[in-house]
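Positions annotated as transmembrane segment by TrEMBL: A:12-32, A:44-63, A:84-109, A:115-137, A:144-168, A:188-209, A:221-241, A:273-294, A:306-323, A:335-355.
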Amino acid sequence: MQQSIPESLKISPFMAAFVVVSMQIGIGVLGFQRIISKDAGYDAWMSVIGAGLAVHIIVWMMYKICEGVDGDVMAANIFVFGKTIGNSINTLFIIYFTMTCLTLLSGLIEVIRTWMFLSMHPIFFASVYLLLGIYIVNGGFRTVVGISLFGIVVPAYLLFSFLAPIRYGDFTNLLPIFDHTPVQMLKGAYNMTLTYLGYGVLLFIYPFIKKPKESKKWVHIGLTATMIFYTLLAVITFAYFPISLLQKSIWATLEMWKIVKLPFIERFEYLGLANWALIILPNVAISLWVASRVAKRVYHISQRKAVLFIAAVVLICVLMLDSRERINIFHDLQAKAGFILAFIYTPFLYILLLIKKKVNAK
Amino acid sequence: MKVTRILLTLLMCCLLLVGCNPRYERKVIDDINIATGMGIDKSGDQLKGSIMIPVFKADKSMENFLFTAKGTIMRDVAAQMQQKASQPIFSGSMDVALFEEVVAREGIVQVLDVFLRDPSVGARVHLAVVDGKAQEIFEGNYGDRGNAQYLKDLIEHNMEGGNLPLTNLHSFLFNFYQQGKDPYLPYLKQESPELVNITGIAIFKDEKVIDILHENKMFYFKLLVDKFSMGQVKVKEEHGEATVKSITSDTNMKLTKRKPYEITVQIKLKGLLTEHEGTRLEKNEVKDIEKELEKQINKTCLKLLEDFQKQKVDPIGVGHFVKTKTRNFNFEKWQTDYQDVTFKVSTNVRILEVGVVE
């Protein structure tokens, strides 16, 4: 049975939005424009909105699942599938969130190595970063949430940097609209869902939210904010790059910073990239926290030990992901897993939960 | 517990101090050569690259030093230059890149690939085509702020307030990769060892220069390609010559007919009279100047558009414009359609001010 969380460890409903949004904005933002425009061309900004709306529906389902069992998704799994199968599925979550942590960290390291320090050995960066992550997780869930708030508020000034490319942009690039078939736009939307991933964390933090009903409003506002941010960023990028140049740019967001001109720094990318380490930090901390929390619930080990073990696994795997090709393969794998978790598993669980409740009621 | 804490602190310190290891590309500004200008010339069948670095002296004056090397591809040239330099050359602060006309006529995209691939080069680098050798331009001595700063300022202030359209590495790549649009760059010439002049605009077809636009057409060219433009133009009317400075301009293309395409270019220009030959400004003379300027812009812009059409280049982006109006646009068919387009130019000039004298 679900043990209840003491009131003093819970977070206010407002903060839930920050956890979700900071988990959404990760390494994908740096280069999603190329991927979504591969199929949908410059109509892809509509795919961004479409995918954003789909996310709202999934989040609504997630809330329904958690409300149904008055607990997190692990309780729901055990309720629906029974203890053995439920816990096996829960174990998959440990793997999934370990992979998430690994994706973020390897992505960040790759960007830093390409743009700033070519000869940096990943082990140094990854170990410092993971130590910080462990430290945050050991501070408890409220610390993790605090870092999420920090990871959004502090780098928020970067939004202004995206105004600089507008002067060099040609917004007629987006015309004519609806120049692609609906199938192409759906493909674009599918690719976009990967950049939106991260709201799944809601399934795990639900029991920690005070008055979860009230948090719904905030989470949906947060999701809308992410959607608007992604849409605007996509539109600015599409205006700034002609399509064949965009297809060559792996990190379009970073490339746009090349045009920013400030009197005190010659190259803005370095500032932005250094800040990105702060944006990734809550992501790493949250995924470590979720993975270790699931481990604690399923295997009844202490969370501190679990987080150490998971961080060690991540560190070893980071060392193995040392080329563009390998990282790409791994990121694709992670993205597919995320898609299945959000768009197949969640509705599936929701429907099963409804059926099970009906049967029990009879 | 205390022991673990101390150990953890020590470990953290070790890891943080790793950042101070010189192996991690610590670049102290005094220990590197900052490349501010790059030039590519042709020498035999090889490329001759030159890289300009500023040398700061103890008495606060500065000089320019030039590294040159020959090779067939850019990276090879750069590697040879590194062999000659006592301190490593870095290109993070590049201001200008110049290409000899001969090189530009053979195509400069393989050179630009280096820029595109290297994240350390900014997008605001100014590119230009040079009449003569790029190396000669760098060897000149232009003022006490350094050659690169001079060239950069020369190009930038002419883009802000003069007749030069907005160009830099990004806009060049943008126009190059944009379907239905061709790039263009400023055309420079060294007048004397102390002066460089902007003598026109180099028009590219794909990656090759095919034509140089004379400087007296630059104003009209800028009107066509830039959204808001400042610039000066001379008008001839019955009372003598006058000059008008454009404050804002707005250029709109309208697709008035398809099969065959007919495109109307509408130019709106607001300006002020800066010079007027003749003793008094007659009552209706401002109106006359407006009319005269309208006629002049219509004629020259139409000529420009038709010339580009004849040369099969499209720096204005007519192809891109028609694409924005057409679903499933076929660029291959456009190649032939472009030849049949009829252009119309209509201009509306308003002179807002005549200065502080009547």
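Glycine too: its Cβ is placed from the backbone N, Cα and C atoms.
Same-chain residues lying 6+ beyond the ends of the transmembrane segment (A:221-241) with a Cβ under 8 Å from its Cβ atoms: 17-18, 20-21, 24-25, 29, 32-33, 36-37, 42, 44-45, 48-49, 52-53, 55-56, 59, 159, 162, 165-166, 168-171, 173-174, 192, 195-196, 199, 249, 252-253, 255-256, 259. For the transmembrane segment (A:12-32), the residues of the chain that approach it from at least six positions outside its boundaries are 59, 103-104, 107-108, 111, 144-145, 148-149, 151-152, 191-192, 194-199, 201-202, 205, 209-212, 214-215, 217-219, 221-223, 225-226, 229-230, 233-234, 249-254, 276, 279-280, 282-283, 286-287, judged by C-beta separation under 8 angstroms. At the 8 Å Cβ cutoff, the transmembrane segment (A:144-168) and the transmembrane segment (A:335-355) share fewer than 3 close pairs (sequence separation 6 or more) and do not count as touching.
Through the fold, the transmembrane segment (A:306-323) approaches residues 94, 98, 101-102, 105-106, 109, 122-123, 126-127, 130-131, 133-134, 137-138, 288-289, 291-292, 295-296, 299, 330 of its own chain, all at least 6 residues removed from its boundaries and within a Cβ separation under 8 Å. Across A:84-109, A:188-209, A:335-355, the stretch most heavily in contact with the transmembrane segment (A:273-294), judged by Cβ pairs under 8 Å, is A:84-109. Long-range neighbours of the transmembrane segment (A:84-109) within the same chain, counting only residues 6 or more positions beyond its ends whose Cβ lies under 8 Å from a Cβ of the stretch, are 26-27, 30, 73-74, 77-78, 120, 122, 125-126, 129-130, 133, 204, 276-277, 280, 283-284, 287-288, 290-291, 294-295, 297-298, 310, 313-314, 317-318, 321, 327, 330-331, 333-334, 337-338, 341.
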